[in-house]
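All remarks here apply to the structure that follows.
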Amino acid sequence: MAKQKFERTKPHVNIGTIGHVDHGKTTLTAAITMVLATVGKAQVKKYDKIDNAPEERERGITINTAHVEYETEKRHYAHVDCPGHADYVKNMITGAAQMDGAILVVSAADGPMPQTREHILLARQVGVPYIVVYLNKADMVDDPELLELVDMEVRELLSTYEFPGDEIPIITGSALKAMECACGKRECEWCKSIWELMDAVDEYIPTPQRAVDKPFLMPVEDVFSITGRGTVATGRIERGQVKVGDEVEIVGLQDKPRKTVVTGVEMFRKILDVGVAGDNVGCLLRGVDRKEIERGQVLAKPGSIKPHKSFSAEVYVLTKEEGGRHTPFFNGYRPQFYFRTTDVTGVVKLPEGVEMVMPGDNVRIDIDLITPIAIEEGLRFAIREGGRTVGAGVVTGIRE
């Protein structure tokens, strides 16, 4: 059977389920596909199919992730669900599954648990901008006051981590009952909570700005000179667009950015009017010598990104089984940090009270690089030793 093609007429949003183990994330994911399938907006994905998620590799790290897609009247969604807690940590830190918003699943019978807190903290750290809550297993709670209490606890917890706890939509229901019923009717006692949840996701999580509409940035992968014409920097445009005559800055590996003008844009030896996010292009740069630009720098819209040496990050350290270190590291650890296209040595400062970091841990650290790199919040990087990946991280703040 030919695969159905999703029409790209609707805005696209990436979301995922987060929350404590056994609170019903995977059941909810299955229930969403079953209810939306009744109106032809999804293909049914059974629980065990989602739970046995395939392994993927991102930045040398193995992560189990299930991907489902579905649509509502308004949008097309790509939804990620992870079987294990460690998979969430890795997923959120590596950005393997970038989330524009998340559905936090909390069991009404248990209330917020340790991983509920940890996932909210991670979402705050790695920049998941919006959260909608599904209060699950409501069929197991007879006392409406208890439901109100859990509702309050969840809102307080979200506010603790600087999410707007009072405004966040909380939908109460039972994913298991909705999955077992799967009639998909909006008036159904169980299926209606799934519709309410999808309405909340549609309304509350805004459509993200497309990469093409953001300020131009292209990591420099290679540089060569064309006799009589000048220097060409090649790379894949990460965001925004570039055309002939645009002023750009060369940022990184130097203390100050350098301005230049793009005098030509080519793709596969053909001249382009404009290069956009996702294109592999060569940019001809005015008055720049072959020696004045190198791999590891970026071309960017002037003023949009600056070179920095000091920043804070949330990192995940690979286990021995994942090919990482066999031993812990301590304050003053000096690995290489791989940003976009290049390795830069840096020194690690551990948080107060943390003596050492073990393989398999995730921790917040401060890093001081020996040379400045174009850095901003949300930028992902790998931690390497001698070309081997030993960790992954995301920039959570700049310290100057």
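Using N, Cα and C of the backbone, Cβ positions are placed for all residues, glycine too.
Range 60-64 is the one annotated as region 'G2', of 60-64, 125-129, 230-234 (source: Swiss-Prot).
Cross-referencing 4-7, 136-139, 308-311 with Swiss-Prot places the feature region 'G4' at 136-139. Checking the ranges 41-44, 81-84, 141-144 against Swiss-Prot, the region 'G3' annotation falls on 81-84. According to DSSP, Asp22 (GTP binding site) is assigned to coil rather than to any helix or strand.
A sphere of 10 angstroms centred on the C-beta of Thr26 (Mg(2+) binding site) encloses 23 other C-beta atoms. The Cβ of Lys25 (GTP binding site) lies under 8 Å from the Cβ of Thr17, Ile18, Gly19, Asp81, Val105, each on the same chain and at least six residues away in sequence.
Using a Cβ-Cβ cut-off under 8 Å and counting only residues 6 or more beyond its ends in the same chain, the region 'G3' (81-84) has close neighbours at 16-17, 21, 25-26, 29, 50-53, 63-66, 68, 91. All chains included, 26 other C-beta atoms sit within 10 angstroms of the C-beta of Gly19 (GTP binding site). In the three-state DSSP scheme, Ala138 (GTP binding site) is classed as helix.
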